[in-house]
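> Sharing the feature lines straight out of TrEMBL:
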type: ACT_SITE; residues: Asp203; note: active site
type: ACT_SITE; residues: Asp408; note: active site
type: DOMAIN; residues: 185-537; note: domain 'Peptidase A1'
type: TRANSMEM; residues: 78-100; note: transmembrane segment
Amino acid sequence: MEHNPQLHGVVIISLPPSDDPSKGKTITAFTLSDGDSSFAVSDANPPFTPLPPTIPTPSDFIQSPSPRRPSLFSPEKAIFSLLAAVFIAVLMYGCLYSELSFPLLSESLNEETRKNETKSFLLQLYPKQRGRTLREMGDVKLAQVRVQDGIEEKKTVSVRYDSTGSVNSSTVFPIQGNVYPDGQYYTSIFVGNPPRPYYLDVDTGSDLTWIQCDAPCTSCAKGPHSLYKPAKGRIVPPRDSLCQELQGNQNYCATCRQCDYEIEYADRSSSVGVLARDEMHLMTSDAEREKLSFVFGCAYDQRGQLLASPAKTDGILGLSAAKISLPSQLADQGVISNIIGHCITSEPSGGGYLFLGDDYVPRWGITWVSTLNSLSSLYHTSVHNMKYGDQELSSGDQRNKLMQVIFDSGSSYTYLPNDAYTKFVSLLKSISSLVQDDSDKTLPLCWKTDFPISSVSDVKKYFKPVTLHFAKRWLFVPTTFTIPPEGYLVISEKGNVCLGILNGMEIQHGSTIILGDVSLRGKLVIYDNEQNRIGWVQSNCVRPQKTNDFPFLF
């Protein structure tokens, strides 16, 4: 019987180095036969005759190299982590600077439902034409209503009604204007049936909207449009709630047929008239024409600078927080949320926009401050201190006191308390490159240079920003309103640079800061009467943007 040689096999498995597991395992097989001292060496896949089934072949032990394990700090993960961190930082910035908390879902849904039931209106802003200087024409329009007491009957007339309704409503009026040195901005509204256009000064410092009126008119400026003629039944009686709101329930007359008023302004001008109710036509944010009812002043007797002709406007658009103001009336009717905003461009060509309602309020990026609780309807808040660069402008006895600030779009320029203004001017006079030019009457303080000036950019390097510091938020985030040199300097027709910040003593506001148009340019300013706050954010004021329904991208 033939004896088959007995085979013996040896398999050696080598593990990969511990510092480089990617090399995988290595298998080496040795096969031996009796009487044969030679042996064959095989790699992982040796090309030899298969062994009997009882003996495992080397291929049974061969394993593919282990796949490379992904690194915990791979470049892909690092980039993803960086993007995630940036996204979270943006959301936190929005939370901090918009002061929006995460409300309960039910409250958010209720708010969205309320918003869907209201509308928003968008109006264009136009600058007035270049004209007389500030000293010739007055400035601030902060208003105070004086109630007729029956003694001044000579100022009250019995209104005559218009019996005809024929008017040409197809006339197109060109837009004219310039930013400097006026700083006043106006918009156009349509009143009556058929609607007739009127240009009105946009004034957050006035309660009552009024239009020059042929009732008949005893003292009116020559404006861009014909006088408003009230139709029969449009005159508001004294028993009307808005009349009593305007007069403070001090002069109710059961036998009178009209509601008389007199308004005095900070520049000592005044307007006398009666209240009227008529239709106003506005365009909604959805490009739909809306016909609304509102109460306004039919002004037949203007005094002071309001009588100066030719006037660039037909009256004043009152936008304060008072019940008689236009936004408050529309909010009480459920037409809009009691929120308004204006954005005045900083471009030399001027212009901007005004909106009523909340459709154009950004959901984040806004700096908010609370308004003061007082009997005043003005938009005012308080600041802790004020600086020019790093120099404190508050006097020693003011540092521990809060100064009041009024946001007033009816003021062309900004006003400081007397002490702060005096220190501010002394700091500016130390600029050696500028020489005061007393012959330039554009504004109280003008400087000339030894080089030509075409814009504020040519001289802003000599000036520093003025900063108002409000209360801190979240214990460390400062709240500031910064006025760059472009926000308080004006280039006169003589080519000088003039200071657009004035002494509040000139208008009997020696202890109050008034922020006027010159310092409000380049910002979207929002007056939220729903939550009693004022907000602002930098903007080019060219095109308003409607916001999404929800403030965050969750």
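The backbone N, Cα and C atoms fix where each Cβ goes, and this holds for glycine too.
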> Would you mind reading off the Cα separation of Asp408 (active site) from Asp203 (active site), to the nearest angstrom?
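That separation, Cα to Cα, works out to 7 Å.
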> So how many other Cβ atoms are close to Asp408 (active site), meaning within 10 Å of its Cβ?
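That number is 28.
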> If I take every residue in the domain 'Peptidase A1' (185-537) and average their pLDDT values, what number comes out?
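PLDDT averaged over the stretch: 90.
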> Other than its own, how many Cβ atoms are within 10 Å of the Cβ belonging to Asp203 (active site)?
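Asp203 (active site) is surrounded by 28 other Cβ atoms within 10 Å.
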> Quick check: in three-state DSSP terms, what is Asp408 (active site)?
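Note: Asp408 (active site) is coil by DSSP, not helix or strand.
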